[in-house]
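Look at TrEMBL and you will find 190-320 tagged as domain 'GGDEF'. Feature annotation from TrEMBL assigns transmembrane segment to 58-76, 82-115, 122-146.
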Amino acid sequence: MMVTLVGVLASCTLVPFVLYRLVSEDYLVATVDLLLISTCTLSVKWAWRTGDTERPGLMMALAFCIGAVTVVYKLGSDALYWIYPLMVFLFFLVAPLKALWLLLSMLTAIALLYLSNQSHIFASAFQFVVFIATTLITCVFAYIFAYRTHVQRNELRTLATIDPLTGARNRHHLSDELSGAMQRYRTSGNDSGLMLLDLDHFKSINDQYGHQTGDQILAQLIPLLRQMLRQQDQIYRYGGEEFVILVQGIQLADLHQLAEKIRHGIWQQLTLPDEKTITTSIGIACTSQARDWPHWLQLADQALYQAKHQGRNKVMLAENTVTT
Ligand SMILES: Nc1nc2c(ncn2[C@@H]2O[C@H](COP(=O)(O)OP(=O)(O)OP(=O)(O)O)[C@@H](O)[C@H]2O)c(=O)[nH]1
């Protein structure tokens, strides 16, 4: 985790300086350094406890910017060299645009302190101009680099998690999401529903109309499903023409109604080039019926098998009920 790495590195770097400042009786700078080490420790703990890296990262970044202005004000040009590693450091902690804004605010504060004659930060006006020019250039290059990395990371995440043909999620995070829903049911009694949906006779559709038409049907299915679902409901492509829909916070009766609505919607709205209809079979199960997430999925799969077995174009409920 980046916040931990940066927090530990920054703290380790600062410890010898705290000792040095204490020995040389520079108590203000020693206090600032100690506060920065405490902020790093708190942020790392916060990130580990909550799994959230955004707010702890921002807290650390803000503390370092304020600390840097204070130390530069107190120590003058001796402290200026630290601004450069800090500029790179901030891009590891917060999103590129936030890091850029923080850095520009920090540089403005240093410039205002100097221009208002409140401190002899710079030995000469020339040194001031060189400092501003070099820090701005570093800011711009660091921002471009961080922004490109950010975009590429998002693209990689999309490639790893989204099925390119349908736009549904792939199976990558399905087990995590299902075990999360199972966990929520155990801790708060909040039931969730699972639908396993499989288009009927898809092989004959491919054989009769061609693979490309089959692909188009699969691509049209997801927007149609999204119209009938809430924004927080998740659709995963489980296999070729088989999809998993995870519906959080729903009881079995309502899940059944929703599955019927979906079955009808597909029957009415998803059509072949010659206007013939396409049907679907759906197996459904709720967290309250299952022992764990693989069992939950297995129950929905058994229900889907029943729906196929009983003639297709049907919604079947899982039969098992867990007894505790
Ligand atoms: N066009 C297209 N076809 C796919 C894709 N993935 C899987 N398929 C096809 O989907 C078909 C699934 O066939 P089966 O598993 O026999 O099932 P089915 O014909 O739908 O029959 P039932 O499920 O029993 O109603 C196979 O012919 C696969 O080639 C895909 O991405 N695009």
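Heads up, residue numbers simply count up from 1 along the chain you see.
Cβ coordinates are placed from backbone N, Cα and C, and glycine is handled just like the others.
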Task: Non-local residues, at least 6 beyond the ends, that sit with Cβ under 8 Å of the transmembrane segment (122-146) - done: 76-77, 80, 83-84, 87-88, 91, 96-97, 99-100, 103-104, 107, 111, 114
TODO: For the transmembrane segment (82-115), find every same-chain residue at least 6 residues outside the stretch whose CB is under 8 Å from a CB in it, and list them.
DONE: 2-3, 5-6, 10, 54, 57-58, 60-62, 64-65, 68-69, 71-73, 121-122, 128, 131-132, 135-136, 138-139, 142-143, 145-147, 150
Task: Spatial neighbours of the transmembrane segment (58-76) far in sequence, C-beta under 8 Å, 6+ residues away - done: 3, 6-7, 10, 26, 28-29, 32-33, 35-36, 39-40, 42-43, 46, 82-83, 86, 89-90, 93-94, 98-99, 102-103, 105-106, 109-110, 113, 118-122
Open item on the list: Please compute the mean pLDDT of the model over the domain 'GGDEF' (190-320).
Closed with: 95
TODO: Over the span of the domain 'GGDEF' (190-320), count residues by DSSP class, listing helix, strand and coil in order.
DONE: 64 helix, 29 strand, 38 coil
